[in-house]
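Per TrEMBL, the features are as follows:
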BINDING   18-25, 86-90, 140-143  GTP binding site
DOMAIN    9-278  domain 'Tr-type G'
Amino acid sequence: MSKYANEIEKRRTFAIISHPDAGKTTLTEKFLLYGGAINLAGSVKGKATARHAVSDWMEIEKERGISVTSSVLQFHYDGYCINILDTPGHQDFSEDTYRTLMAADSAVMVIDGSKGVEAQTRKLFKVCVMRHIPIFTFINKMDRDANDTFDLLDEIEKELGIATCPINWPIGSGKKFRGVYDRNTHKVLTFSDTQKGTKEGVIEEIDIDDARLDDIVDPDQKEQLMDEIELLDGASVEFDQEQVSKGNMTPVFFGSALTNFGVETFLEHFLKMTTSPLPRVSDEGEIDPMSDDFSAFVFKIQANMNKAHRDRIAFMRICSGKFDASQEVYHVQGDKKMRLLQPQQMMAESRHVVDEAYAGDIIGVFDPGIFSIGDTICAPGRKFAFEGIPTFAPEHFARVRQLDTMKRKQFVKGINQIAQEGAIQIFQEFNTGMEEIIVGVVGVLQFDVLKYRLENEYNVEIRLENLPYEHIRWIANKEEVDVAKITGTSDMKKVTDLKGNPLLLFVNAWSVGMTEDRNPNLVLTEFSK
Ligand code: G4P
């Protein structure tokens, strides 16, 4: 039994995934409110951070401090110590968004009840599935007219390929939203409009058979509810914790984050159903989070945008034991013992230096340029490496040309360093010997970041010429195929990455399928290990 079992067992580390505007920020605010971490909803992060346009790059730089602090939040609730990982959306969407999911033990998927499953949710969901982590669904904005509840569940099942198990069930939506029925307790939690959360609501819990319910729910709605419950109990699969833990079944909850309805119920159920820190796979097998020895891996590197300071912050997820700032650790990839400098954690609005942290926690440390994404840090005397973080498929591509050809050296150095930090991916044409570089990014803002940083940090001006490709595939069985002989569609392009791996670029999904059909021995993947 670990000395730190008490601390580790109460940790819950999860990411919130959603499409922009579904209500992720609002839900996070309400969580923090329940945890007493903030006093007033609305102070998690400036709206401006979430809403900037590509052209606002200078603004982003200014706001960088804000987005760093809000990327991980820790708070306490009901005996749990909760770490929420923010997955940036909008224009900030980048490979980091995907990498953040590598540090989470579970995910909360927020869906707008009037929109259903949207594009960004789908993308992030795929990464959760790859990791087999539990996924919990919160269908939000029930105070607005929502799609039919059965249709919503159907859509999740069909589009995402996961079984759903509604834990509660909405009674109406929009103006006719009356609350949710808890399928386990057979009680109705009545909705009360809190005027966007500014007023305390009077939420009542009424037994489904209680006559008082008839004052709140009109007869038609009651009849519909009873029919739906009967249908549900007869047709839907039963709750199965094991299937939830494996990521095969998602418990579904309904509510309205803005009016603070259904949030606490969700939080309470979720914390019980989700998992304490999970073991992580390393080259020495699984590392038990309860092990007394400290270990962690780097999942995100935040470059400092200030030219005068080339330092960075490396975010690491603690996987086992306890982090003690006064003790030395061992950086496996650098083969060096060291102290982690300026370790910090984010609690609600503030960032503070930490002396200790436990498995499940995320810390940010000062990085003078020694860490890479995926690096392992462990206790001195131990030496193992956690499984690497995959490279995710970029969706936007551009050819990069440097304007002053005399600066080739700085250009190559700069672009390589920025690629190593993981902000962009760089490719070269396959077998042509041409020196042209193609850049791939997950979110278009990264193009601006690249241009800005090359100019400011490396004094190199570039021009980016957009390319029409949207799909990239790694060749999983590259040893078995002759890349030169692959016959694809006319729009297909063969490239190689920094490590010399061959890849294929496509303009549309149809071409990917076509190429697979034409080359039956070819195995293509969307992630690269
Ligand atoms: P995001 O982080 O997922 O992008 O979404 P965010 O929480 O910022 O919410 C997006 C918009 O949806 C906000 O409105 C927010 O107030 C609203 N919203 C969130 N939850 C609910 C809900 O349960 N019901 C209703 N009716 N609206 C909800 P906005 O007008 O864009 O911003 P604001 O000016 O209200 O802050």
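Any Cβ shown, glycine's included, is placed from N, Cα and C.
What TrEMBL says about a protein is an automatic prediction, not a curated fact.
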For the domain 'Tr-type G' (9-278), mean pLDDT (0 to 100): 85
Those binding-site residues in Ser18, Asp21, Lys24, Thr87, Met142 whose CB falls under 6 A of ligand 1, listed in sequence order: Ser18, Asp21, Lys24
Three-class DSSP secondary structure - Ser18 (GTP binding site): strand
Secondary-structure category, per DSSP, in which Lys24 (GTP binding site) falls: helix
Chain-internal residues, separated by at least six, CB under 8 A from Met142 (GTP binding site): Gly113, Pro170, Ser173, Phe177, Val180, Phe191, Phe254, Gly255, Ser256, Phe261, Gly262
Cβ neighbour count (within 10 Å, all chains shown) around Thr87 (GTP binding site): 24
Cβ packing number for Asp21 (GTP binding site), 10 Å threshold: 17
